[in-house]
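Peer 1: According to Swiss-Prot, the record shows the following:
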type	residues	note
BINDING	Tyr19, Cys62, Asp99, Leu100, Ser134, Phe135	S-adenosyl-L-homocysteine binding site
BINDING	Thr26, Tyr152, His155, Trp156, Arg221	theobromine binding site
BINDING	Asn173, Asp259, Phe261, Asn262	Mg(2+) binding site
SITE	His149	site 'Involved in substrate discrimination'
SITE	Arg221	site 'Involved in substrate discrimination'
SITE	Ser265	site 'Involved in substrate discrimination'
SITE	Val313	site 'Involved in substrate discrimination'
SITE	His328	site 'Involved in substrate discrimination'
Amino acid sequence: MKEVKEALFMNKGEGESSYAQNSSFTETVTSMTMPVLENAVETLFSKDFHLLQALNAVDLGCAAGPTTFTVISTIKKMMEKKCRELNCQTLELQVYLNDLPGNDFNTLFKGLSSKVVGNNCEEVSCYVVGVPGSFHGRLFPRNSLHLVHSCYSVHWLTQAPKGLTSKEGLALNKGKIYISKTSPPVVREAYLSQFHEDFTMFLNSRSQEVVPNGCMVLILRGRLSSDPSDMESCFTWELLAAAIAELVSQGLIDEDKLDTFNVPSYFPSLEEVKDIVERNGSFTIDHMEGFELDSPQMQENDKWVRGEKFATVARASTEPIISNQFGHEIMDKLYEKFTHIVISDLEAKIPKVTSIILVLSKIVG
């Protein structure tokens, strides 16, 4: 089985279950938060006169969907606006697109050339470079980045939480793949501890790369509740665990594979994120809020259509890490079972999706 950093990516290509075809919700969230990004660019220009020449920005965990196009276009548009306001001749925008090496950079750049870069306008020249690697470590030289953006990536962990087996080697989260109502307290504690460790590494790395007064705009999946086992956090993972358990009962998956698998992801609360940032001490929090949106599948009146669409979207972002544990050959049966479970469960409403947006400025000195 591959390590998390080798198996964590969204479904590739442009097929029915690809991330490129199933990232409309992420695009909606990105578009909603663009005013915050626009304000961040505006603030950068008010802080540093040298930005009138060039701005270095990075989109961390960019995946291969259209969100990156929106981010680059927004930054470029704001720079063009500042160029006109300040009566400068030209500005340059250097954008780095980062994700783990398994990301579908081919699909990303194929769409990028026609949608964003194209012919550089007279006011802003835009240059785009791919940077494969883990954002939990260093990626760039010291004091080289003015702006960091990330959408729906920082909640992914470097590994499954440590300490989820007993001294006797027994699984402590038996039958589940994430925190659930039946998980013992040690599971919740292990997930928070792993997120604390990983997010601290993320902040430490960025604190060296971002210039003084530089800015980060981070959007991540989270929760408004203090309880990490609430359905707003666990809905998809609970139903996937149920689908896997069905295949275990049919003898298609070893029970041990289910009992020893824990998803390397954590949806934190606002308080948990705030505490980690403040403890780290490298950045000030300029803005922070949580907001809820209905799952787009809830717009469908037919529960069968609603369930199938929900399952397809979930497959686009979960299949690579799930297949790494349970095997590629079982994925069609697994997600078919998942779809049936989703449809039967959709007699109840799909929980709203909670996001956290965080704007951080690097502390000077």
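Even glycines carry a Cβ here, placed using N, Cα and C.
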Peer 1: Which one is closest to Asn173 (Mg(2+) binding site) in space, judged by CA to CA distance, out of the recorded positions Asp99, His149, Arg221, Val313?
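Peer 2: That would be Arg221, nearest by Cα distance.
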Peer 1: Using a 10 Å radius around each Cβ and all protein chains in view, which of these recorded positions has the most neighbours: Cys62, Leu100, Val313?
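Peer 2: Answer by Cβ density within 10 Å: Cys62.
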Peer 1: For a quick check of understanding: given the listed theobromine-binding residues Thr26, Tyr152, His155, Trp156, Arg221, what is the maximum Cα-Cα distance in angstrom, as an integer?
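Peer 2: About 15 Å separates the two most distant Cα atoms.
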Peer 1: Can you tell me whether DSSP puts Val313 (site 'Involved in substrate discrimination') in helix, strand or coil?
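Peer 2: DSSP assigns Val313 (site 'Involved in substrate discrimination') to helix.
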Peer 1: Which one is closest to His328 (site 'Involved in substrate discrimination') in space, judged by CA to CA distance, out of the binding-site residues Thr26, Leu100, Asp259, Phe261?
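Peer 2: Going through Thr26, Leu100, Asp259, Phe261 one by one, the Cα closest to that of His328 (site 'Involved in substrate discrimination') is Phe261.
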Peer 1: How big is the Cα-to-Cα gap, in Å, between Ser134 (S-adenosyl-L-homocysteine binding site) and Val313 (site 'Involved in substrate discrimination')?
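Peer 2: If we compare the Cα positions of Ser134 (S-adenosyl-L-homocysteine binding site) and Val313 (site 'Involved in substrate discrimination'), the gap is 24 Å.
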Peer 1: Of all the binding-site residues here, Asp99, Asp259, which one's CB has the most other CB atoms within 10 A?
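Peer 2: Ranked by Cβ atoms within 10 Å, first place goes to Asp99.
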Peer 1: Need the DSSP three-state call for His328 (site 'Involved in substrate discrimination') to compare against my parser.
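Peer 2: Assignment for His328 (site 'Involved in substrate discrimination') reads helix.
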Peer 1: Counting distance between Cα atoms, which of the recorded positions Asp99, Leu100, Asp259, Phe261, Ser265 is nearest Trp156 (theobromine binding site)?
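Peer 2: With Cα distances computed to Trp156 (theobromine binding site), the winner among Asp99, Leu100, Asp259, Phe261, Ser265 is Ser265.
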Peer 1: With His155 (theobromine binding site) as the reference Cα, tell me which of the recorded positions Cys62, Phe261, Ser265 is the closest one.
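Peer 2: Comparing Cα positions, the closest of these recorded positions turns out to be Ser265.
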Peer 1: Closest to His149 (site 'Involved in substrate discrimination'): which of the binding-site residues Cys62, Asp99, Phe135, Arg221, Asn262, going by Cα position?
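Peer 2: For His149 (site 'Involved in substrate discrimination'), the spatially nearest of the binding-site residues is Cys62.
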Peer 1: Among the recorded positions listed here, His149, His155, Arg221, His328, whose Cβ has the fewest other Cβ atoms inside 10 Å?
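Peer 2: Result for the recorded positions His149, His155, Arg221, His328: minimum number of other Cβ atoms within 10 Å at His328.
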Peer 1: Which recorded positions are spatial neighbours of Tyr152 (theobromine binding site) here, meaning Cα within 10 Å, out of Cys62, Asp99, Asp259, Asn262, Val313?
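Peer 2: Close recorded positions: Cys62.
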